[in-house]
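Undergrad: Below you'll find the structure I mean.
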Amino acid sequence: MPRSCRDAVGQEQVGEIRHDRSGISFRPGLEGVPVTQSAICDIDGLQGRLAYRGYPIAELSAHSSFLETTYLLIWGDLPSPQQLRDFEAEVQMHRRVSFRVRDMMKCFPASGHPMDALQSSAASLGLFYSRRAIDDPKYVYNAVVRLIAKIPTMVAAFKLIRKGQDPIQPRDDLAYSANFLYMLTEREPDPLAARVLDRCLILHAEHSLNASTFSARVTASTLTDPYAVVASAVGTLAGPLHGGANEDVLAMLEEIGSPEHAGDYLDEAIASKRKVMGFGHREYRVKDPRAVILQGLAEELFARFGTDEMYDVAKALEQAAATRLGPKGIYPNVDFYSGLVYRKLGIPRDLFTPVFAISRVAGWLAHWREQLGANRIFRPSQIYTGPQNRTWIPSDERFSSTGA
Ligand code: ACO
């Protein structure tokens, strides 16, 4: 039974609504409706467990690297040492982006959101590598390599371009995450910072059929190219109910200002039915396991580079929410602590979601491949609620003299 449901003009609907021909009940937001089979990611939202291809997320984030995890997600098994070396070398070789893409990005408005810049530049890759040979394993491998390699370069490039600077070229002697931080901050990062970012990328790489991954699979099901698949997913991730929440969390913590105000803020938000950003998840009824690990990463960074006073506000909010939202199964999600980590890494706030996208490309591409393996185009149905049998009338006869 849906929790709540509104019709096309926003009126509350009570009880179950069924499709008149199929008899299938309407589930707003497709909540709980399986629309595919997948062997990529498993979530136990009651126990707070998450595994990629059968490996618990805590093990991967402690021991793996982002590129190894990417390989695992996309090809199903951990790579051999040689496979990993080859994959890393290919990704390293394709990090640069064409001067044409950079020139195109220079025409983007500096005030534009980096997620919009990323969506446009990701889509533009399809112009350069447009051969849709999606049943050729070599094309698939190359497309994976290009997207994993170039997305971070494009995110870092826009950060500098919007300030009127030329983007920094990738450095071949730096590993994936260290190179991204270098291109972004213009400084070679501390090894701890680079490792923490790599672990963040592992944590965000995949999460079953969330909105952006669903978007990726729908786009993939039309057999279009993988650049269009990723561009559509980036657009979906940008929304504040999805990846965009990590930006809003920091703004919210700053609005609360100090730990003593956390309880009042929460009461006011609940009373006015405002969502507390970084809390709640369609799948989890406990604290998101990624939030648990991210909180630990934040603490590692604070111990080394100095604390962030918003961390105390975050902890106070989490504590206050335990009794007010906890009974409804609403706890911190992945976005709650990630902003604090990214800020400590020197990443500007409006790049938090693009960093999420850099990582989630791995999951989107895993789902792209899986979708192609057993494809059927997505075409759900709807329950029509509009008017019937209207007759067209000329425009000058449409309104009565009363203006009704
Ligand atoms: N703060 C306060 N109340 C909440 C919150 C929240 N963050 N999340 C859910 N609720 C309440 C709702 O008000 C609703 O209450 P009601 O039944 O009394 O009306 C109930 O919980 C169910 O909420 P829905 O929005 O229907 O739950 P849904 O599963 O559709 O939403 C979502 C999940 C979108 C993540 C939601 O929890 C939310 O908006 N959270 C804030 C935004 C956020 O942090 N998004 C990031 C999610 S993680 C990610 O996408 C990477």
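Glycine residues also receive a Cβ, built from the backbone N, Cα and C atoms like all the rest.
Feature table excerpt (TrEMBL):
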type	residues	note
ACT_SITE	His281	active site
ACT_SITE	Asp335	active site
Undergrad: What does DSSP call His281 (active site) in the simple three-state scheme?
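TA: Assignment for His281 (active site) reads coil.
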Undergrad: Taking the Cα atoms as reference points, how far is Asp335 (active site) from His281 (active site) in Å?
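TA: That separation, Cα to Cα, works out to 10 Å.
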Undergrad: Between the active-site residues His281, Asp335, whose Cβ has more other Cβ atoms within 10 Å than any of the rest?
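TA: Sorting the candidates by Cβ neighbours within 10 Å, the top entry is Asp335.
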Undergrad: When DSSP is mapped onto helix/strand/coil, what comes out for Asp335 (active site)?
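TA: Looking at the DSSP assignment, Asp335 (active site) belongs to a helix.
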